[in-house]
Amino acid sequence: MLLIPAIDLKDGQCVRLKQGDMDQATIFSEDPAAMARKWVDLGARRLHLVDLNGAFAGKPKNLEAIEAILDEVGDEIPVQLGGGIRSLETIEKYLDAGLSYVIIGTAAVKDPGFLQDACTAFAGSIIVGLDAKDGKVATDGWSKLTGHEVIDLAQKFEDYGVESIVYTDIGRDGMLQGINIEATVKLAQAVGIPVIASGGLSNLVDIENLCEVEEQGVEGVICGRAIYSGDLDFAAAQKRADELNGELDNA
């Protein structure tokens, strides 16, 4: 089970939002590269970056901070990024800079042809971010709820060749209310590609519950507010996940 720390970038700083509201941003660090180093030193095996300004602007807005993070840890672990990815040129720029994966969200829903082109051009590097509330997909920084069913879209995107899906329950994100395990497993069972859970992770019990369903296709979980607020000890949580999955050498 991959525990993936999230570094949400707004105006070059590391912040956390409540339910995607840019006006409810808590600044946790003014040095995102140092924050990336901290999580890697604590045992992170992948990082999840979000360009929040980019998500709302539709183009990269935190390049300097992203490049600083990649300079710091990009040679050590895979780094994925979402937010504002609307063109093949942007994807190419990010992958050339050292990102392992880019996450396409709104554009995948609104312009499936773009997603198909991206999967063809950058096979193995494209993750789709599906944000949902009550099973319906949301777009545009969660501000618009569509009529699309999550599972229908996920199956279509799997056919396009996406590498995995980051599934966010937007009713829970940033609220420390617990992961929506049921909805995440339902999605994972409906597709043959890995699903990464997101939204609401609050404590060690969530990690233990996720480890129980890893074999259903839930590859990892994005760790946000809980690891910044101190509700979840990241290093201890990754160790516990490894113990549960038999990934620690007992010798």
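The backbone N, Cα and C atoms fix where each Cβ goes, and this holds for glycine too.
The active site, proton acceptor feature in Swiss-Prot is assigned to Asp8. All protein chains considered, the CB of Asp8 (active site, proton acceptor) has 25 other CB atoms within 10 Å.
Annotation source Swiss-Prot lists active site, proton donor at Asp131, citing sequence analysis. According to its DSSP assignment, Asp131 (active site, proton donor) is in a strand.
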